[in-house]
Amino acid sequence: MAKAKFERNKPHCNIGTIGHVDHGKTSLTAAITKVLAEAGGATFTAYDQIDKAPEEKARGITISTSHVEYETPNRHYAHVDCPGHADYVKNMITGAAQMDGAILVVSAADGPMPQTREHILLARQVGVPAIVVFLNKCDMVDDPELLELVEMEVRELLSKYEFPGDDIPIIKGSALAALEDSDAKLGKEAVLELMKAVDAYIPQPERPVDQPFLMPVEDVFSISGRGTVVTGRVERGIVKVGEEIEIVGIRETQKTTVTGVEMFRKLLDQGQAGDNIGALLRGTKREDVERGQVLCKPGSVKPHTKFKAEAYILTKEEGGRHTPFFTNYRPQFYFRTTDVTGVVHLPAGTEMVMPGDNVAMEVHLIVPIAMEEKLRFAIREGGRTVGAGVVASIIE
């Protein structure tokens, strides 16, 4: 069978299901594909197809993730679902499957559980912009007051982690009812209502090309008679010939002008997100720029040395450390294109971090790096990856 052509005529959005084990994340994912397939916006993917998620490697970490795609009348969605809790932790921290929004699945019969809390906290730490809640298994709860109680608990928990708990849409239903066609109101109708809420409540992400220009420096050359050329892949935005840019990170921020952009040895008038380019910089000496800095739109990114992060530490089996580490641990932090040494400060009450743990920590780098919230990094020891992290907030 020929692969259906992917029509990009609708805005695209990346979402995922999160929540406690056995609350029905995978069943809901299957139910969404089933209900939308009837409207011609998806291919039904059964539970057992989603559940045997293939393993992927992201930043040297093995993660099992299932991907399904579907569309509503308004949007095209790529949806990720993970089989195990550890896969969620790794996925969210590495950003392997980027989430523009999440569907939090909570069993009405059990209410919020430890991983419900942990996934909400992770969503906050890694900067998931919006959450919609599906209260699942409502066919197992006869008492409407009990349902209200669970809903209140979920809203309080979301507010505790700085999500707008009072405003978040909560849809009551049953993924199983949708899959078995047993109760239209709790099944199919609830799933359609959920997708309406996801369409309306999860904001459309800004495309990389519309964001302010940023390009990590990979290499620097000096071309006699022309000046200094900096190469790299444009991460976001557009850079036009003649524009003023800043060189940020590692040393004092410098301003310069892009006097040429080339790609595949051809001169262009601009480079944009996704392009591998060489940028010719006016009056910049070869020794003024180095790998690990970024070129960016003036004022858009600042260099920082101190930040709070959420990190996942690899297990021995994943090729990570064999032993725990303590506060004042000094590994390298690999941001975009370079390693920078930093010192780890563990939160009060955390004695040590074991391989396989995820942890909130504070990091002090020895030189400043261009960074902002949500920036991903690897933690390395002598070139070997021992962890992955994401900038949760900047201190200075």
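Placement of Cβ uses the backbone N, Cα and C atoms for every residue, glycine included.
Lifted from Swiss-Prot, the feature list:
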type	residues	note
DOMAIN	10-206	domain 'tr-type G'
REGION	19-26	region 'G1'
BINDING	19-26, 81-85, 136-139	GTP binding site
BINDING	T26	Mg(2+) binding site
REGION	60-64	region 'G2'
REGION	81-84	region 'G3'
REGION	136-139	region 'G4'
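Overlay of Swiss-Prot feature records on the structure.
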| residue | record | Cβ neighbours (10 Å) |
| --- | --- | --- |
| G19 | GTP binding site | 26 |
| D22 | GTP binding site | 13 |
| K25 | GTP binding site | 26 |
| T26 | Mg(2+) binding site | 22 |
| C82 | GTP binding site | 25 |
| H85 | GTP binding site | 14 |
| C138 | GTP binding site | 23 |
Overall pLDDT of the domain 'tr-type G' (10-206), taken as the mean
94
Please report the three-state DSSP label of T26 (Mg(2+) binding site).
helix
